[in-house]
Amino acid sequence: MSNTWWRLSIVLLILGLMPGMSQQAALAESDYYTAGVVEFQQSIFSLSAWSDSLAGYVEIINSEKASPTDIIVFPESTLNSAGSTTFVPNPADQINPCLSDPNAILYEEFLVTLSCAARNASKYIVINLTEKQKCEDVPEDTRPCASNGLNVFNTNVVFDRQGVVVSRYRKVHLYGEPKNSTFLPELSTFETDFGVTFGHFICFDILFYTPAHQLIVEQGITDFVYPTMWFSQLPFLTAVQTQQGWAYANDVNLLAAGASRPSVGNSGSGIFHGRSGTLTSVMRQDSGERAIYVAQVPKYTRTRAQQQRVRRSTREIQPRQVASSSSYHMKRDYLENYESELLQLDGGASGAINRTICQGSFCCNFDLAWRSLGTASENGSYYSYRLGAYDGWRNEYNVDANYIRNCALFTCTGDSIDDCGKLLPTEGELQQSRVTFTRLEIGVIYPESREFLLFPDTLLDSLLPLEPSQFDWSQRKPTADSYVQEVRFALKESQELSNLLTFGIYGNYYDNACTFGVGTAEEQLACGYRSGSAGLGILGGWLAMPMIILAIARIG
């Protein structure tokens with residue numbers, strides 16, 4: 001009799017598990033997943049600010065708009081501060097704070113509450129917090145410890161659908177934050193029940209090889225969660241502009257969640273599907289918000305050649321808002337270090353120009369044409385434009401530096417280079433365009449490097465970038481044995497632009513180590529560049545090449 005009941009119990013258990021198992025299999029087999037990224041404005045920091053943020057987080061997780069999501073990503077540094085640090089479980093221990101610490105004895109209340117929220121909503125939840133760790137728990141780290149015996153990290157924490165901490169990542173590239181970096185940089189990934197493995201990193205990390213680009217090159221990761229509190233900088237590094245460019249160049253899915261306070265330069269969230277562009281995005285102006293943006297994200301197959309590029313979401317069309325210096329606080333790049341030339345748009349006439357701008361041996365060829373709009377207003381204000389080239393380190397103090405090679409057309413509020421990288425102070429209809437660009441092409445010969453990333457870098461006066469359907473991008477080696485990349489970036493022939501702030505190529509060379517043409521002949525050979533290979537040592541010969549590229553492209 002007991003055997004019969006035992007067998008019956010097993011059958012009933014299997015039958016009870018089958019719906020969940022079949023649902024999990026369906027999620028894994030689906031060709032898309034549903035994601036939400038949160039644009040979140042935090043209350044002004046105080047010892048109790050975390051309680052208000054926590055309530056906002058839970059409200060969003062339980063909202064109707066979030067209900068279809070499989071995964072929700074919250075932004076950087078909008079939950080707790082150094083005054084309310086928490087221990088975080090080691091993901092290897094598979095700890096569920098909601099169940100193991102319901103009274104918040106070991107972990108802070110907000111961590112336990114969000115573990116329960118993930119469990120109750122049955123969603124993967126990604127948060128960013130200020131973490132504490134006992135220095136004695138890392139005996140291999142011989143660096144001096146704080147007097148209180150604690151390390152403090154900027155940390156991502158991932159809960160699965162049961163509320164278990166399944167992944168943790170501590171920020172590598174701090175941006176002036178009074179926090180610690182880990183003894184060794186972390187590479188963090190996590191698997192999901194919908195068949196996608198995610199990598200993750202935080203804010204400033206996106207401009208460096210480790211860990212962001214390294215996860216793609218070394219582990220083949222195609223999907224990323226990205227909490228950020230980005231301080232936008234004109235003309236090349238505003239938030240969504242950078243997010244979309246990075247996702248496009250790497251051809252990956254990026255789920256970016258941004259802190260939302262435009263008055264200090266924070267906003268920018270989006271979901272991006274590689275070379276297909278933006279699925280949803282926002283750059284708030286004037287005031288911040290607490291909102292979730294949701295999209296169905298196509299999965300990458302194991303072989304990218306079979307990748308289905310079907311958009312499962314209809315992108316939300318939002319009213320166009322023209323940015324001004326009063327609607328968004330902008331940082332500014334050190335454009336005085338660029339070799340640049342003012343684009344002459346005088347006289348209200350249409351025109352065209354083919355110009356090569358060089359800084360040292362690095363050269364950018366610009367082929368432009370524009371049509372005069374003939375608009376004039378006594379009280380109106382206009383942007384002027386410059387062509388620029390730069391080959392050097394990003395000049396930003398007290399943070400990790402990366403080496404860049406940039407070519408771009410960018411706006412200025414006057415004729416001097418000191419006026420560039422700024423928004424006009426006037427708003428609405430008082431901002432007028434003198435011209436519309438009917439042709440924009442940039443051709444460059446870029447040197448290969450051990451680690452580098454080239455991406456299209458665009459910005460409109462709405463603070464959103466152009467979409468891939470609006471431009472052409474090509475990047476190729478001229479011959480199999482050459483160590484350069486021919487890059488052509490152009491506005492599609494069917495497009496005209498009158499609201500343009502930036503049109504450029506961002507060349508990120510990280511630490512510039514093992515870059516072709518840089519260093520002695522012995523160093524070049526040590527990097528694997530063969531003596532006598534195509535173009536070796538004659539970087540000045542790049543001068544003519546961009547013109548050739550554009551000429552060939554025009555003929556084709």
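Placed from the backbone N, Cα and C atoms, the Cβ positions cover glycine too.
TrEMBL annotations:
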- 1-22: signal peptide (SIGNAL)
- 33-299: domain 'CN hydrolase' (DOMAIN)
- GLU76: active site, proton acceptor (ACT_SITE)
- LYS171: active site, proton donor (ACT_SITE)
- CYS203: active site, nucleophile (ACT_SITE)
- 534-553: transmembrane segment (TRANSMEM)
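Sequence-distant neighbours of LYS171 (active site, proton donor) (same chain, 6+ apart, CB under 8 A from its CB) are PHE153, ASN154, THR155, GLU177, LYS179, SER181, PHE201, ILE202, CYS203, PHE204, ASP205. Note on GLU76 (active site, proton acceptor): other Cβ atoms within 10 Å of its Cβ, all shown chains, come to 26. Here the domain 'CN hydrolase' (33-299) has a mean pLDDT of 96 out of 100. Around the Cβ of CYS203 (active site, nucleophile), a 10 Å sphere holds 26 further Cβ atoms from the protein chains shown.
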